[in-house]
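What TrEMBL says about this one:
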type	residues	note
TRANSMEM	7-28	transmembrane segment
TRANSMEM	40-67	transmembrane segment
TRANSMEM	88-107	transmembrane segment
TRANSMEM	113-133	transmembrane segment
TRANSMEM	140-161	transmembrane segment
TRANSMEM	167-188	transmembrane segment
REGION	199-226	region 'Disordered'
COMPBIAS	205-220	compositional bias 'Basic and acidic residues'
Amino acid sequence: MNTRKVVFLFNSTLLIGTTFGFLIGFILDFQTHINDISNLRFGGIAMIAITAGIWTVIAQMGFFAYLTIHRFGLGIFKTASLWNKVQVVIIAFALFDLMFFRHLLFAEEGESMLGYAWMPLLLLTYGLIVAYIKSKDTNFTAFVPTLFFMVVVTTIEWVPALSENDFTFLINAIVPLLVANTWQILVLHRLHAQPNGRQPTVLQDQERNKQITRKTQETKSRKKAR
């Protein structure tokens, strides 16, 4: 993927995530913002846009961090199958922790933990939908990595909002995060596609990396020989 495509991914993600984040922030406090506009006060409107932009940038950082972690995972566990199994275990832990720790921090006396299960269940459902679309567009090996990204990475990015028991704050954070992450993961294979339009497999990527390493070593050897 060349620089032009990276710039496109960054700018398009920032625009889409900020736009949706701005819209949900405006809708959640609609009357207040309408009154501000009628009184020519635009500070609140600007703050919504800035906040949505910040969450979108956090999503972008999480995305590129995951791409690095994914490569490390493939290198450490050697096979995509084993790495996928590890990711499934981490997904299960992340979903449980999302329920357990919010119950631990915010539950009132006698309140059941099941009352906090709706959040991880909704996130899992959305992640499954995105992972299905991704695997349908590429291949089934993309299902688990996509689900991991949409559940685990999104949860980590969401932590600053999860530390507060404020529904509006949670929604203002999760919407730009989910929109940005969905866009990034679904557009990546189109930007990274081969000339024939097909997505390179993990084995093809590994073989390409080996060829690059081999050529680099050959170049260094020729320079030393001179």
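Cβ atoms here come from the backbone N, Cα and C positions, even for glycine.
Annotations in TrEMBL come from automatic prediction, not curation.
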Query - Chain residues outside the transmembrane segment (7-28) and at least six past its termini with a C-beta under 8 angstroms from it - result: 45, 48-49, 51-53, 55-57, 59-60, 63, 168, 171-172, 175-177, 179-180, 183-184, 187-188, 191
Report summary line: Within the same chain, the residues 6 or more beyond the ends of the transmembrane segment (140-161) and with Cβ under 8 Å of it are 55, 58-59, 62-63, 65-66, 70, 80, 84, 87-88, 90-91, 94-95, 97-98, 123-124, 126-128, 130-132, 134, 169-170, 172-174, 177-178, 181-182, 185, 189, 199, 201-202
Report task. Would you kindly list the residues that approach the transmembrane segment (40-67) from elsewhere in its chain, counting only those six or more residues past its ends and only Cβ-Cβ distances under 8 Å? Result -> 10, 13-14, 17-22, 25-26, 29, 32-33, 148-149, 153-154, 156-157, 172-173, 176-177, 180-181, 184-185
Report summary line: Residues outside the transmembrane segment (88-107) whose C-beta sits under 8 Å from one of its C-beta atoms, at least 6 past its ends, are 113, 115-117, 119-120, 123-124, 144, 147-148, 151-152, 155, 162-163, 165
